[in-house]
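S.K.: The feature pyridoxal 5'-phosphate binding site is assigned by TrEMBL to GLY97, ALA98, PHE129, ASP216, GLU217, ILE218, GLN219, THR274. The N(2)-acetyl-L-ornithine binding site annotation in TrEMBL covers ARG132, THR273. The feature N6-(pyridoxal phosphate)lysine is assigned by TrEMBL to LYS245.
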Amino acid sequence: MVMTTLMNTYGSRSLTLVRGEGSRVWDQNGNSYLDAIAGIAVCGLGYSHPAITAAISEQAATLLHVSNLYNIPQQQHLADLLIDQSGMDRVFFSNSGAEANEAAIKIARKYGNDKGVKNPTIIVMSGSFHGRTLATLSATGNAKVQIGFEPLVEGFVRVPYDDVDAIKAAASEHANIVAILVEPIQGEGGIRIPAADYLNQLRDLCDRNEWLLMLDEIQTGNCRTGAYFAYQNNNIKPDVVTTAKGLGNGVPIGACLARGKASEVLQPGNHGTTFGGNPLACSASIAVMETLIEGNYAARVKALGEKLLSAFKTAFAGNSKVVDVRGCGLLLGIELNAPCADLVEKGRSKGILINVTSGNVVRLLPTFILTDEEVEELITKVVELVTEF
Ligand SMILES: *Cc1c(COP(=O)(O)O)cnc(C)c1O
């Protein structure tokens, strides 16, 4: 199907999915696929989850939208759930991940300007991904995302990921640093997992310099790594954390959470949105969060992740094409020794949806609701794919 009335941002797309249930989706010809990328880290609770469907239907029949000129009880309820899970103090709701990061970047800048720092600057990482708006693509550490959109937004200093000394060196060159913006694990960047104490060291550095530690958990949040937020694996708290993808399980919503002084930075008139935090999106997310919490999905994700990781490590031991197998919870990467984008198509013909990122990393982001049979199916099909590569 050629869709010439759509801007060509996604190239040609050969697969048309029309229905989903549990961890499976169906195309228009009735073929089914095990979705091992869950809508790119969005549908952790799978497709057509009854609690989420019910919450959306009920809210749609009651009140779809009111503006942020009025109290929105669903927004307050969802904020309370997020605060309870995160240990943060206040929440701003947006419609997407990039917008949640925009809020974080605005907080860092105003925090700096309020304390008299001229041209407040944020440290960002090589290999990072923070979104496609002008500020977030400028913060992103991937030339492909930036080329053609110059001039980029100023106020970012880039250092290598997982390198605390590089941050110290940057700080000695720039007196106007106000924050660090970093992913606890780089998702788009190839499932890069930093040293176990990286976030702890960043926390320490931020405390000593009065910088804000701002974590982009748009992909890693909402139980994806086996804790509600990935920073909980390190027993630290950031000053700002953003999330989106899994929060609405498919209904567009993002959130920027802040703590302490960072939570008081934005005041009336400083920021806003027409749709962010509307009753429909918040009702869906309340159902998502209640399901995740009551079902103790963080523990389930941790166990499922360990099972998959050890199965892949065993299967690929001694396979010279496999450079590395890594993961945290249900965020898994299999790094191959050559570009492997064509595995996506090969996967489809085997009835499984996978993703390839960074050219040579098979990225798996399955749902949290895989049955035992689906776990076996996923392992068998991915092992076959990589072995035949
Ligand atoms: C997906 C993603 C974003 C962008 O989110 P959008 O909802 O597409 O704007 C930002 N940061 C990270 C880490 C992401 O994975």
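Positions of Cβ are set from backbone N, Cα and C atoms, glycine also.
On a predicted model such as this, the values are computed, not experimentally measured, just so you know.
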S.K.: If you measure from the CA of LYS245 (N6-(pyridoxal phosphate)lysine) out to 10 Å, which binding-site residues from the list GLY97, ASP216, GLU217, ILE218, GLN219, THR274 are inside that radius?
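M.R.: Qualifying among GLY97, ASP216, GLU217, ILE218, GLN219, THR274: GLY97, GLU217, ILE218, GLN219.
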S.K.: Compile a sequence-ordered list of residues in the same chain as GLU217 (pyridoxal 5'-phosphate binding site), six or more apart from it, whose Cβ lies below 8 A from its Cβ; state 'none' when nothing qualifies.
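M.R.: Looking at Cβ-Cβ distances below 8 Å from GLU217 (pyridoxal 5'-phosphate binding site), excluding near sequence neighbours, one finds GLU183, PRO184, PHE229, ALA230, TYR231, VAL241, THR242, THR243.
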S.K.: Could you tell me the maximum Cα-Cα distance in Å between the residues recorded as binding pyridoxal 5'-phosphate, namely GLY97, ALA98, PHE129, ASP216, GLU217, ILE218, GLN219, THR274, rounded to a whole number?
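M.R.: Across GLY97, ALA98, PHE129, ASP216, GLU217, ILE218, GLN219, THR274, the widest Cα separation comes out at 25 Å.
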S.K.: Within 10 Å of the Cβ of ALA98 (pyridoxal 5'-phosphate binding site), how many other Cβ atoms can you find? Include all protein chains, please.
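M.R.: Cβ-Cβ neighbours of ALA98 (pyridoxal 5'-phosphate binding site) within 10 Å number 22.
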S.K.: Got a sec? Which of ALA98, PHE129, THR274, the binding-site residues, have CB under 6 Å of any ligand 1 atom?
M.R.: ALA98, PHE129
S.K.: What three-state class does DSSP give LYS245 (N6-(pyridoxal phosphate)lysine)?
M.R.: helix
S.K.: Would you find the one among the recorded positions ARG132, LYS245 whose Cβ has the most company, meaning other Cβ atoms within 10 Å?
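M.R.: The largest 10 Å Cβ neighbour count belongs to LYS245.
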S.K.: Determine, to the nearest whole angstrom, how far the Cα atom of ILE218 (pyridoxal 5'-phosphate binding site) is from the Cα atom of ARG132 (N(2)-acetyl-L-ornithine binding site).
M.R.: 13
S.K.: Consider the binding-site residues GLY97, PHE129, ASP216, GLN219 and say which one has the Cα lying nearest the Cα of THR273 (N(2)-acetyl-L-ornithine binding site).
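M.R.: Answer for the nearest of the binding-site residues: GLY97.
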S.K.: Could you state the whole-number distance in Å separating the C-alpha atoms of GLN219 (pyridoxal 5'-phosphate binding site) and ARG132 (N(2)-acetyl-L-ornithine binding site)?
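M.R.: Just about 15 Å between their Cα atoms.
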S.K.: Give the number of CB atoms, excluding that of ILE218 (pyridoxal 5'-phosphate binding site) itself, located within 10 Å of its CB.
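M.R.: Around the Cβ of ILE218 (pyridoxal 5'-phosphate binding site), 27 other Cβ atoms lie within 10 Å.
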S.K.: Determine the Cβ neighbour count for GLY97 (pyridoxal 5'-phosphate binding site): the number of other Cβ atoms within 10 Å of its Cβ.
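M.R.: If we count other Cβ atoms within 10 Å of GLY97 (pyridoxal 5'-phosphate binding site), we arrive at 29.
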S.K.: Around the C-beta of GLN219 (pyridoxal 5'-phosphate binding site), how many further C-beta atoms are within 10 angstroms, looking at every protein chain?
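M.R.: So the number of other Cβ atoms within 10 Å of GLN219 (pyridoxal 5'-phosphate binding site) is 27.
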S.K.: Would you pick out, from the binding-site residues THR273, THR274, the residue whose Cβ has the largest number of other Cβ atoms within 10 Å?
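M.R.: Buried the deepest by this measure is THR273.
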